[in-house]
């Protein structure tokens, strides 16, 4: 969309959140509220995005990418004042769309409709509105018939005006040239002593300019988030949207009430999500995989046909047709090739496990390279840390480690080798070798343990 720009209001302090974090940085479905709005703008191909910052500027600015321009509002003197700071940056821009950084539930299709109406009617301004049964605290849209008159804020409205149910969402399209002139005519003469952006509509009306409205059917898009309770309510709406989307895309979700999927997750058709599954970050799950129950995956990749149950995974890669869990813990740097089995009470960290290898139960594998078709017996651990440095363990293809083997890194187990149960291996084992390390078993006859009387 040439000659368009978006201006996102994000300068407010968010006092009711009672947080050191700026309001628009609180997350919804795994992303900051502000990022939801930015992503929505970019999905409708608006080429420029400007964010007006004030409180918490440094924290917010540090999270923005190079595509986002920052406009600073040093003093928060109202929405009109915020736009006054942005207008000088609108070089070669014919129209702007103004949004609020604390309204993360706005949808791309709504913005497209708003922009379409604005262009079709060659309007000076087009407002996004919504109808609430209880619009308490929200600015009202005043009309004469279908003709827009003005917006009145709750604190400045008469008792009769407060009965109006159509409200101002705070999202607008403006003709930049006309907005620039109208801003010269607004003053802070209101109950708050601020420059209201909404006062430009009265200026437009007096000048006979075209003002249009578009009423969204989804009132959730108008929800501004000012408290933790409102954030929780918005989280529920976002979660239901995400769940509905993936079910429409061919994903089976056994119990939507107990399933949580963040916005950055990608799922393929015929994935099955069991109850109490939580998928976070950039997690990707391929077709026919079954996740859960009671599984949390963050920034993980799961291959086709794998089964992952009662597992916590973070920044792990799981190949195709693997079996993981129950009660496995996959830490960052874990890479499992196809057909790997990781069983109960197994922890893996920063390790590569080759195709067809098995770690069935009660093991810790850290900083290791494990080959193909390896069997790691119950209770086997890699001793990879000396209190200062981490060391690597290498286990070659087809090795068989007996139960309760301790591998003192750095150490290498050769291809096809076997370790005896209970061995502590601290030296490299050649290929096709049996390695046993045990102290001599002693029997003390006629020994009876002293008992306290």
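Just so you know, glycine gets a Cβ as well, placed from its N, Cα and C.
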Binding-site annotation, Swiss-Prot, acetyl-CoA: partner of 378, 384, 385, 403, 421 in 438, 449: 438
Where residue 378 (acetyl-CoA binding site) sits in the secondary structure, as DSSP reduces it to three classes: coil
Site with most surrounding Cβ atoms, counting all protein chains shown within 10 Å, from the recorded positions 23, 361, 438: 23
Greatest inter-residue Cα distance in Å for the acetyl-CoA-binding set 378, 384, 385, 403, 421, 438: 22
Among 378, 421 [binding-site residues], residue with fewest other Cβ within 10 Å: 421
Secondary structure content, the region 'Linker' (229-249) (per DSSP, counts of residues): 20 helix, 0 strand, 1 coil
Distance [Cα-Cα, Å, rounded] between residue 100 (UDP-N-acetyl-alpha-D-glucosamine binding site) and residue 403 (acetyl-CoA binding site): 60
